[in-house]
Amino acid sequence: MTNPSGHNLPANSVAESYEGEFGCTLMDLRKLMELRAADAVTQISAHYGSVQEICARLKTSPVEGLSGNPADLEKRRLVFGKNMIPPKKPKTFLELVWEALQDVTLIILEIAAIISLVLSFYRPPGGENEICGHIVSNPEEDEEGETGWIEGAAILASVIIVVFVTAFNDWSKEKQFRGLQSRIELEQKFSIIRNGQLIQLPVAEIVVGDIAQVKYGDLLPADGILIQGNDLKIDESSLTGESDHVKKTLDKDPMLLSGTHVMEGSGRMVVTAVGINSQTGIIFTLLGANEEEDDEKKKKGKKQGVSENRNKAKTQDGVALEIQPLNSQEGLDSEEKEKKASKGPKKEKSVLQGKLTRLAVQIGKAGLIMSILTVLILILYFVVDNFVIQRRAWLPECTPVYIQYFVKFFIIGVTVLVVAVPEGLPLAVTISLAYSVKKMMKDNNLVRHLDACETMGNATAICSDKTGTLTMNRMTVVQAYIGGTHYRQIPKPDDLPPNVLDLIVNSICINSAYTSKILPPEKEGGLPRQVGNKTECGLLGFVTDLKQDYQAVRSEMPEEKLFKVYTFNSVRKSMSTVIRKPEGGFRVFSKGASEIMLRKCDRILNKEGGIVPFKTKDRDNMVRNVIEPMASEGLRTIGIAYRDFDGEEPSWENENEIFTGLVCIAVVGIEDPVRPEVPDAINKCKRAGITVRMVTGDNVNTARAIATKCGILTPGDDFLCLEGKEFNRLIRNEKGEVEQEKLDKVWPRLRVLARSSPTDKHTLVKGIIDSNIGEQRQVVAVTGDGTNDGPALKKADVGFAMGIAGTDVAKEASDIILTDDNFTSIVKAVMWGRNVYDSISKFLQFQLTVNVVAVIVAFSGACITQDSPLKAVQMLWVNLIMDTFASLALATEPPTDSLLRRRPYGRNKPLISRTMMKNILGHAVYQLGIVFLLVFAGDKLFDIDSGRKAPLNSPPSQHYTIVFNTFVLMQLFNEINSRKIHGEKNVFAGVYRNIIFCSVVLGTFFCQILIVEVGGKPFSCTNLTMEQWMWCLFIGIGELLWGQVISAIPTKSLKFLKEAGHGSDKEEISKDAEGLEEIDHAEMELRRGQILWVRGLNRIQTQIRVVKVFHSFRDVIHKSKNQVSIHSFMTQPEYAADDEMSQSFLNQEESPSLASKSRITKRLSDAETVSQNNTNNNAVDCHQVQIVASHPNSPLQSQETPV
């Protein structure tokens, strides 16, 4: 077998010399990992003997792991490679410059500027101006006339500056997004055993020979072989396309592959392949090679099928066969289909993007119409004036001069469009989001999808988990019911009969994940550290409080000796472990929710430690007198029980039979204190108009008590607290289908959903989002930590995954990761989201004022004076101010607490409120009045020569310089006004906290002074006197005074004002719209979202361009995810075989018949899961039962959530 790309294998002599020290080579391990199931078992047995022998050859211990010696680790990296997939090579700066030059508007400006430049050197024969009319400068100004080329050159220079600024911006943005991705990579760690210690190691540092601890919810970071496992089931659909979960056992299928998800159980594996040598890495390498070949073919203009490349890959080595499920179709047709499929089904845009798209299209249309009218009127004016009124003949020698005039008109028209179209919007969005994302990291929010940031600003509802989010996730047993006695404090060991104490200790120590541990405190006098499942840590702490050593018990009964483990899942809602008794027979330890466990018990231990009957009446009394009082104090109640099998070995698949007739040992009450900062955070949410709902698996009384402590419920409230069963009864019809009408009667009053499953959470979230009751449709945020929370996290407008307690599966489904698992971080995300929304609105208010004034001035000037008072280069400068600098200044305003004192904007509230419209029109009136006054009377007011109707190549005039200077200074001071959009009087509030804003305003003012005083002919400016400067400055400051006048006018009194920028319920872009350009969509995403701001949109195809900008920006961060480590590689949608299916399932509503079938499948799945084979991999073999399972991404699919 050959390596698909030569650089993949360490080929240097050092690596080769080290390779001999290990009992197997890199190629041996790669060949082994290509095998599956029985083939793999046979190969291991024939060539290595056993998995333990492989560990011996790799010089690692199955129990202790590697020693962690740096020299040994480096040797392994040399021989077997690093656990890293090389990122795609970034584009060079010159490539980015070339990309920026492709913009249609810039090309038009370049061509027009070049024509203007060439024609400016032409003079009509005879040297008399009258030949072609009064279109060139007077004879005495011939020297000045010789410099007519400067305007064309200045436009070219402006284009070059724009191109370089664009390229630099693109480069810096890509660098920033790569930095964000590397931060996400660093956050990804995996449990590795080194030197006998379980440590969390960054994924990139894993080497071949490491012993990895695998648990449910993990995304496997490398290939490996199972050493020991408990009920381990893997979702391999990302590699094989198989939706059914694969059970992994030592004797049937021990091969674990990178990029696959652990859906159930736990175990240990020895790492055998990492990085580009793992199965995922090999696929990545092959696909990358094909992409390069395709790119080369495109460059050469060849039109050959990609199937040829794939066939070559298959003949190169057998590894290519592993990726067949990813490419089931062949030939040209399949490639076309795959390209379309990779774009996925209709993508729903975020609320802000939808509103911006509609607004930008409207503005773009208006700008296009105005620019066309401007050019037509200028041409008509010129033609009528010269050839009709003055009756001149069109002379051949004057044609270049006329063309030069037409080019000038055309340039004016293009510059009107440059100013009119809001190409600064993408930059404002990008800067605001990038700034917010960077700052949100400090507030413990790791944003994975940029648009989730602004969506949080619209959130109207938050469905939060309880454990770890609202509470501290530090479990402590504070009460217990043992042997008929309710202990309000932890009992002393002497108070308990010896046999009862032994049963409590053994049941807790053995029947819990061996990864759950209590470690010494990091600081002297601190609390012991809890590692692993926090509920189990609380129980182990109870054992420690009873003065017992749980490690000693586990040493006597190591994990390898456990006969069988029934891991926790949402169907069982309990965990059980089977062990062999020394005297023969079996003992089953079981723990779970107290009500569920008590129903399975028919006997109980008494005070003396004897076993007595436990009748229904006794159970009811226990619930009433023990469990409910514990729950009302906010304690989680866990039941512990056991059962002995002394006779014939039972059928371990029949769980219903095994888990009946249990003996109740104890019921414990576990306290998980509410985080001290949570009540205040929930009060902030209430004040901000956000409803907080708690969704938990706990007892309804426990949930109600915690909700009251948090402030979700207050005494006297008329709100609902429901259990999952009651919730489903209320919302489903006789057929078991969810009815939206019924759900709409429940969710507005629902505040607590207890004893809920992940399916219930998904149903609730979907129901709230799909509901149409009320003025505004709901925007829902959801928190989740379990594998099963994936569907709800995907369905929610914003999904929050827990960074500490969350599984990899939950994190991959989320939009934002809470690095501290704290609810207050969600409130901070709301604040940042609203700040993004306000930043965009501030920028819009500013930009639309400039748009309205500049377009009307250019249009009116063209119609009346046959010239625009603002020249092309000046317009480009104004555009640079209002686009680049203004977006930088207004999009980086820090958030304030005042953002949380108003209600959410909602989905349908317009971007431009009536107050903003008042501000826009009010300031436009002031600016237009001043500009027109200066244009038509400025020469008299300042006693200077008029600049109106100047000849074609005349020198700059003081008159029009004052117009330009005043116009820019008015925009500068209006930028300060634009800091407030809700009618606030003090526009300077907090301005000194925003250093960027102050720097931009002062920097722009300084540049304006240089342009006027030094810019000269290229900027059509001439020097101004100090008095003229003072007047310009005074008029500019007048903007601030005028702003106070506008804010004093009540908005309600202006009935004629309309709102703008409304959002529809669901903004969608169809596949047809996506396919308008044949350029690779993934390549366009980063380019469009980041480049369009400076170089301008395509003014000819404004509508299409603007729609595509905001659509592609939704996924801009995905382009930046150059896979640094293998851990995140398989999360990329283009490599997920079932992506389209899963997305369509989540995004489209089910038809009643489909929903019914899904539920039938779910019931079958649940029923058969209970009876399936759960034998521990180290125990006796049993018959395997086929499971009828729904799709892994289905909302109805049930996986596990911790107790």
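In case you wondered, yes, glycine gets a Cβ from its N, Cα and C as well.
According to Swiss-Prot, the protein carries these features:
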TOPO_DOM  1-92  topological domain 'Cytoplasmic'
MOD_RES   SER13  phosphoserine
TOPO_DOM  114-150  topological domain 'Extracellular'
TOPO_DOM  172-356  topological domain 'Cytoplasmic'
REGION    294-319  region 'Disordered'
MOD_RES   SER328  phosphoserine
REGION    330-349  region 'Disordered'
MOD_RES   SER334  phosphoserine
TOPO_DOM  377-409  topological domain 'Extracellular'
TOPO_DOM  428-840  topological domain 'Cytoplasmic'
TOPO_DOM  861-870  topological domain 'Extracellular'
TOPO_DOM  892-911  topological domain 'Cytoplasmic'
TOPO_DOM  935-952  topological domain 'Extracellular'
TOPO_DOM  975-993  topological domain 'Cytoplasmic'
TOPO_DOM  1016-1025  topological domain 'Extracellular'
TOPO_DOM  1048-1203  topological domain 'Cytoplasmic'
MOD_RES   SER1064  phosphoserine
MOD_RES   SER1070  phosphoserine
REGION    1086-1103  region 'Calmodulin-binding subdomain A'
REGION    1104-1113  region 'Calmodulin-binding subdomain B'
MOD_RES   SER1144  phosphoserine
Near the topological domain 'Cytoplasmic' (892-911), which residues from the same chain, at least 6 beyond its ends, have a CB less than 8 A from one of its CBs?
351-352, 355-356, 359, 431-432, 435, 439, 457-460, 684, 687-690, 775-777, 779, 827, 830-832, 834-835, 837-842, 844, 979, 990, 993-994, 996-997, 1059-1065
So what's the mean pLDDT when you look at the topological domain 'Extracellular' (1016-1025)?
85
Within-chain partners of the topological domain 'Cytoplasmic' (975-993) [C-beta distance under 8 Å, separation at least 6 from its ends]:
838, 841-843, 845-846, 849, 886, 889-890, 893-894, 896, 913, 915-916, 919, 923, 1001, 1039-1040, 1043-1044, 1047, 1051
By a Cβ-Cβ criterion of under 8 Å, what residues six or more beyond either terminus of the topological domain 'Extracellular' (1016-1025) are in contact with it?
147, 150-151, 153-154, 157, 871, 873-874, 877, 955-958, 960-962, 964-965, 1032
Determine how many residues of the topological domain 'Extracellular' (377-409) DSSP places in helix, in strand and in coil.
27 helix, 0 strand, 6 coil
Which residue counts does DSSP yield for the topological domain 'Cytoplasmic' (975-993) in the helix, strand and coil classes, in that order?
6 helix, 0 strand, 13 coil
DSSP says what for the topological domain 'Extracellular' (861-870): how many helix, strand, coil residues?
5 helix, 0 strand, 5 coil
